[in-house]
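Inspection log for the structure reproduced underneath, given as structure tokens.
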Amino acid sequence: MKMSEQLSDRYNPADVESRTYEWWEKNGYFKAQDQSTKPPFSIILPPPNVTGFLHMGHALDHTIQDMMIRWKRMNGYNTMWLPGTDHAGIATQSVVERELKKDGVTRHDLGREKFVEKVWDWKHQYGNRIYGQMRRLGDSCDWDRAVFTLDEGVSKAVRKVFVSLHKKGLIYRGQRLVNWSGPLETAISDLEVEHKQIKGSLYHVKYPLEDGSGFLVVATTRPETMLGDSAVCVHPEDERYKHLIGKNVLLPLTNRKIKIIADTYVDKEFGSGVVKITPAHDFNDYKIGKTHNLEFINILTKKAEINENGGVYAGLKVQEARKRILEDLKAQDLLEKEEPHVHSVGHCSRSGAVVEPYLSEQWFVKMEALAVPAKRVAENGTIRFEPESWTKVYLHWLNNIEDWCISRQLWWGHRIPVWYCEDCNHQTVAETDVTACEKCGSTKLHQDDDVLDTWFSSALWPFSTMGWPNETETLKTFYPTSYLVTGHDIIFFWVARMIMMGLEFQRDVPFRTVYIHGLVRDSQGRKMSKSLGNSIDPVEMIEKHGADALRFTFAAHLYSGKDFKFSEQRLEGYRNFMNKVWNAARFALSNLSDFKAPTEGVKALPNKVHISVFDQWIITKLEEVTKTVEEAMEQERFSDASTALYQFIWNQFCDWYIEFTKPILNGNNAEEKAATQLVIAQVLNRIMRLLHPFAPFISEEIYQKLPIKGTACIVDQYPNARNDKEFLSLGSAQAALEIDIVKEVITAIRNIRGENRISPAVKLNVRLGVTNDQTQKILGNNRTALMTMGRLENMEIGPEGDMMKCAVAPVVVKDASVKVIIPLEGLVDFDEEVKRINKSIEKLTRDIGMLSGKLSNEKFVANADEEVVAADRALLAQSKVQLDSLRDALTRFQ
């Protein structure tokens with residue numbers, strides 16, 4: 001990498017990021033080796049849609065994966081992060097159809113072959129733009145291995161799996177109820193159904209009894225579907241209707257006879273306790289229809305309009321039919337009442353139209369047999385979910401699994417490998433294109449028009465991306481993969497199906513660990529969406545604040561499986577952290593200009609005779625944070641790891657250590673200065689390596705400027721206490737205690753200055769009240785640091801003495817106790833201070849009363865978020881301490 005002699009005055013993320021990423025790629029640091037003596041660690045990237053742009057969910061997902069890959073790479077693993085994109089059948093076809101519509105052309109005008117060519121043209125032009133955005137984030141993928149779900153190799157795998165499952169009787173064609181999008185004229189998956197709360201109506205319709213003795217009232221939100229009713233249903237133990245079970249009612253407006261049946265599915269308490277059963281247009285009714293052997297009457301066309309079974313309403317759109325039917329019911333006095341009703345209605349995420357449960361001929365996978373081994377590997381711990389609570393959710397779904405509809409009425413995707421003979425009607429299922437019927441030899445064949453659900457090819461992703469069905473070295477080395485990172489919304493659509501397919505075709509699980517993260521929400525906790533206008537573009541955030549700041553924001557708020565409230569204000573805070581790191585490195589490097597890099601490099605040790613207590617202290621703190629980060633990363637506690645690093649770098653290294661060492665670096669003791677310079681160089685080296693998985697760009701840039709470094713931070717060893725014993729042994733628990741006492745005393749002095757609004761330019765007189773000889777010695781040994789950093793005129797160490805008209809702050813560090821006493825005579829107006837303190841006491845007393853009342857309310861404690869309750873309790877405790885302190889001050893000032 002082309003490096004300047006020193007770090008620039010200001011940190012410019014855009015300059016550093018583009019240059020650094022290009023250098024990493026050029027040097028092949030992301031590449032995995034199919035054959036290596038290093039232990040393998042692999043992650044398969046959940047393939048984003050080829051139509052997509054990087055969104056906040058991706059950015060979080062990718063940050064977690066890249067942190068793990070970089071951490072494992074630095075720990076000596078042969079890492080492979082394999083990227084890819086999904087052809088996204090419905091999404092991509094919809095995008096291209098919208099483009100054609102601008103020219104007044106439909107896909108049907110073009111025909112299938114030319115339309116698919118258009119989609120490929122679009123894919124070649126726009127399909128890889130998300131890769132560029134992933135690079136902006138810092139994704140260290142092995143780009144040479146990138147795969148597309150319609151690549152030839154994946155297509156080969158898809159066909160092989162289809163044929164194999166079909167031979168085993170696990171794939172079949174049948175008529176079942178599916179989610180149907182009328183505008184798209186295709187079945188869609190549950191994931192493509194968005195449920196919205198709709199303010200509608202509940203219509204109470206009279207169904208006349210066949211014998212003319214009265215009627216039953218049925219409540220429905222969709223009166224138009226009554227055209228497909230096969231029965232009305234009551235609870236078998238409902239005394240109101242027991243005598244009617246087995247009799248008939250006349251379907252309103254048509255007078256078609258339908259039976260009154262009984263089933264425990266019915267809720268006796270809802271509405272009238274009578275429900276209409278429409279097996280061809282409701283998923284619950286479908287099951288009842290199967291149980292009671294009812295007629296399945298489809299009343300919709302593929303465009304979701306009323307078909308010929310709708311009689312006089314045929315040809316109407318659903319909403320038009322509803323309006324007409326309601327008018328006719330009123331005219332015949334068959335509508336008892338209409339009342340407002342809010343209910344959930346499924347909408348197609350692509351077209352926006354209401355999703356219709358629709359009876360159609362589709363291809364399905366039998367899931368029950370495939371689910372058995374998939375349950376076993378979760379139960380016996382072969383696969384681990386993090387957080388563990390998701391294991392129960394996964395198992396619950398598998399225990400209630402239904403067959404999977406895998407066919408879609410689209411043109412873009414993996415076409416179903418089934419050919420129909422026009423002469424003998426035989427079906428040929430094959431891995432390669434068929435030219436003649438395997439039964440009669442006829443060449444009059446046509447391939448099934450449907451394509452496979454996108455999730456079908458995605459289910460094979462962990463092994464199809466590695467070259468299967470060929471026995472490749474990649475497959476031998478990296479399957480099963482080590483880690484899967486994903487959101488909880490696709491556990492069933494993708495994770496479970498990958499596990500099933502991996503066990504079926506590789507006889508092993510596809511991954512060992514499934515890390516489930518929460519959703520990225522806005523600052524108010526709302527889900528990000530276009531309709532709310534609260535979506536945030538991660539690329540825009542990167543351009544404003546830098547990729548490292550965004551990554552660190554995610555890492556610092558990654559609590560096990562919980563949703564994350566994102567705000568730009570938080571991001572700005574971590575941008576400030578990056579600036580802090582940059583400026584600290586600039587200061588340190590400016591004081592290393594005359595430092596001669598030792599030939600031993602990272603193994604070089606300072607002279608123990610000349611090492612300062614401050615050096616010993618920072619090394620002790622470095623050991624602590626190294627152990628904390630290592631343990632947290634091993635347990636996937638990314639927030640704990642990043643927060644510990646943040647606190648060490650900002651608080652210990654930048655705010656304290658650098659300030660402590662300034663007198664040494666500017667002093668005349670050459671031996672002590674040389675020792676401190678070496679410690680600074682070594683600690684900075686380790687900080688950059690510790691920081692790298694979280695903030696790769698800034699850490700690499702600074703690392704390359706260090707006098708002690710390897711080839712590249714990205715491939716240097718990640719710090720751990722076991723391999724760094726010699727350097728870390730220079731730390732000292734006693735030194736750590738000493739400096740912690742000194743820090744707390746300085747902090748107390750600064751707090752008193754701030755609380756009493758005393759200018760930093762005014763040097764203070766301080767008395768440190770202490771009786772313990774050892775503590776007196778510690779304070780005496782660090783007089784220079786206390787005087788300089790406390791901005792003191794004079795400092796006495798000894799008995800407490802008179803504390804009237806003084807500010808007092810107690811300091812306790814382990815067994816050491818110090819009272820910081822600062823005379824305020826001539827520095828503050830005591831009358832004004834007494835007024836201010838009294839006002840503060842009044843306010844705190846009110847606040848404490850409100851908080852106490854809130855926390856004594858059992859309903860609030862039971863229903864509020866745990867974090868809110870904990871925060872209120874902490875605030876109450878803090879407020880009580882502040883109140884005691886103010887009362888003490890009031891006594892001294894009066």
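Cβ coordinates come from backbone N, Cα and C, glycine included.
These numbers come from a predicted model, not from an experiment.
Segment annotation: Swiss-Prot labels motif ''KMSKS' region' over residues 527-531 (candidates 467-471, 527-531, 842-846). The range from 177-202, 749-774, 827-852 that Swiss-Prot describes as coiled coil is residues 827-852.
Matching 48-58, 543-553, 664-674 against Swiss-Prot, the residues noted as motif ''HIGH' region' span 48-58. Long-range contacts of the motif ''HIGH' region' (48-58) within the same chain: residues 85-88, 91-92, 95, 123, 126-127, 129-130, 133-134, 136-137, 148, 487, 519-520, 528, 535-539, 566, each at least 6 residues beyond the stretch ends and with a Cβ under 8 Å from a Cβ of the stretch. The predicted model assigns the coiled coil (827-852) a mean pLDDT of 82.
DSSP places the residues of the motif ''HIGH' region' (48-58) in helix, strand and coil in these numbers: 3 helix, 1 strand, 7 coil.
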